[in-house]
Amino acid sequence: MAYESLLIDAEGYIKAHGPITVAAVIFLESFGAPLPGESLLVVSGALAARGEISMIGLAVWAWVGAVAGDSVGYWIGRRFGRSLILRYGGRIGMTPARFEKVESVFARFGPVAVVFARFFDILRQLNGLVAGTAGMAWPRFLVLNAIGGFLWVGTWGFGAYYLADHTAGVRNLVRHLGHWQGTVLAIVLLVAVALLAGLAWKSRSSRRRTTV
C-alpha cells in the first residue's frame, strides 16, 4: 500500500512539473539509485492518455533520462572500476552479490543483455556500471543502450498510454510489474527477431534483384 501511495503522490508532482520529473527519477535509477522509474513511466503514460501531460514529451524525456543515466553509470564503472563500486555500492543497495549476478548475465549474453537490461529490476540499475567495468567499447554501449531505452519506453510508456481507458488494468500493471517482466521481455524479443528477419529478407531480396 505504501508503494501505491507513493505513486499516487507522484502523480501530482508529475502534473505540476511535467515529464522532466520522470526523466530525473529514471536518470538516477539508471546508475544504482533504488527508485521506481519504471512504475512512474507507466503512471505517466496513463496521465498522458488523459491529456494531463504530453505523451511525446514524456517519451523523449524518459528516453533521454534512461540513456543519460546509463551513460553516467558506464563512465563511473569505466573510471573507478569494480573494486570501488563493490566497496561503496552497499550504501544504495548495490551489494556484491547483486553486482556479481549482473556480471554473470553480461558475461553470458553480452550485447543482448545491454539492450534488454531495462526490463529487469537489478539489471536496469546496474546496466551501465557493469558495461563500464567490463570495458565494453563506448560507441557500442551507447548504440545498444539507446535501442534498449527506446524499446523500454515504447513498451511501458506507450503501453500504459493505450491502456489508460482500462484504469483497473493499469493499476494492476503497476502492482504486478515485476511478475510480468519475463512475459514482456519474451514479447519484445519476438518482435525484435521478427523485425530483424524482415530487414534481412528485404536486404537479401534487394541484392538478388541487383544481381539479376
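Any Cβ shown, glycine's included, is placed from N, Cα and C.
With helix defined as DSSP H, G or I and strand as E or B, the domain 'VTT' (35-158) counts 109 helix, 0 strand, 15 coil. According to TrEMBL, the feature domain 'VTT' maps to 35-158.
TrEMBL lists 12-33 (among others) with the feature transmembrane segment. When Cβ-Cβ distances below 8 Å are used as the criterion, the transmembrane segment (12-33) is approached by residues 40-41, 43-44, 47, 52-54, 57-58, 60-62, 64-66, 68-70, 72-73, 76, 89, 92-94, 124-129 of the same chain, each at least six residues removed from its ends.
Feature annotation from TrEMBL assigns transmembrane segment to 53-77 (among others). Listed by sequence, the residues of this chain that lie at least six past the ends of the transmembrane segment (53-77) yet keep a Cβ under 8 A from its Cβ atoms are 14-15, 18-20, 22-32, 37, 41, 44-45, 47, 85, 118, 126-134, 136, 138, 141-142, 145-146, 148-150, 152-154, 157-158, 161.
Among the features that TrEMBL reports, transmembrane segment is placed at 142-164 (among others).
Positions annotated as transmembrane segment by TrEMBL: 184-201 (among others).
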